[in-house]
Amino acid sequence: MANEGEEIELTEFPETEKERKDEEKLSSCSEETTNTSSSSGSDHVPVPIEVNVIIQNSSRTEDELQNSKEIELTGFQGKLSSCSEETTAPSSSYSSKQASVFIEENGDNETSTYRPQNVLTNLNSLYTTFEDARAQGKGMVRHKSEDLQSFLEKYPPDFRKPKRDLSATWDPGMPTPPLPPRPANLGERQASTVRLHVKESNCKQPRERKANERNIVKDLKRLENKINVIICLVVVILAVLLLVTVLSILHIGMKS
C-alpha cells in the first residue's frame, strides 16, 4: 500500500499463440507496405506501435488484467485491418495522382476535381429568349405569329358568302358533274291524300279531345236522368204514405 501514489509504466507482450501469430502478420504487412511505398515513390512507412499501460496502483486485480489483455487484442486487430487497407491503397492513390496531374497539365485551377467526360451539350439549350422567359415568369405561353394576326388578315372579307357558281368558268370539254336524283312528280290524288294525311296528323289531337268531351257530356246527362227518376220515385212514395195516413185517420174518426 506504500506504492499507491507511484506511477509505473509496463510493456505487456503477448504470450499466447494467437498473439504471436498476429505479431507475425503485422511484421509481414509492414514489410509489404514498405515495398509498395518504395515502388510508388511514397515516403509513408508504417511503424509498429507498442501498447504502454500506465498503472497508478501497484496492486491490480485479475479483472483489470483481463481488461488490459482485451484492449491489446483489439489494438492488434485494428493494426491488421489498417495493414490490409494500406496494401490496396497504393493503386488507388496512384490513379488519383495521375488524374490530378492531368488536370494540372490542362491548366484547370479550380478547386473541384470533378470533370465530366464525353458530354456534349448544346449551348442553345442552356438559355431561352427574353420573350419566352418573360411569358414563363408571368405564367403565360408565348403566342404564335398566326394568333397575333387580325381577323381581316387571317380570313378574306367574303369567306362567309356562299360558293360561286362555276358554270360560267366551266370548261365545255369537261363532263358535267352528276346531280342528285330529282324527286318524282305527284299527281292530284296523291297530293290530296298527302294533304289529308298531313291534316289528319295535325288535327288528330283536337279531334280526340272533342270526342272525349262529347263522351263526358253524355255520361253526365245519363247521371242527371237517373237522379231525376230516383227523386220522382221518392216523392211518389212519400205522397202515397201521406194519403194512407190521412185516410186511416179519417176512418178512425168516423167509427168513433
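Each residue's number is its place along the chain shown, starting with 1.
Any Cβ shown, glycine's included, is placed from N, Cα and C.
Note that the structure is a prediction, hence the values are computed from the model and not measured.
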From 54-63, 64-73, 174-183, which range did Swiss-Prot mark with region 'SH3B/LBD1'?
174-183
Between 96-105, 126-135, 146-155, 216-225, which stretch does Swiss-Prot give the note region 'CSKH/LBD2'?
146-155
Of the residue ranges 74-95, 162-183, which one carries the region 'Disordered' annotation in Swiss-Prot?
162-183
Other parts of the chain folded back onto the transmembrane segment (229-249), taken as Cβ under 8 Å at six or more residues beyond its ends:
none
Tell me the residue counts in helix, strand and coil for the topological domain 'Extracellular' (250-256), as DSSP assigns them.
6 helix, 0 strand, 1 coil
Summarise the model's confidence over the topological domain 'Cytoplasmic' (1-228) as a mean pLDDT value.
61
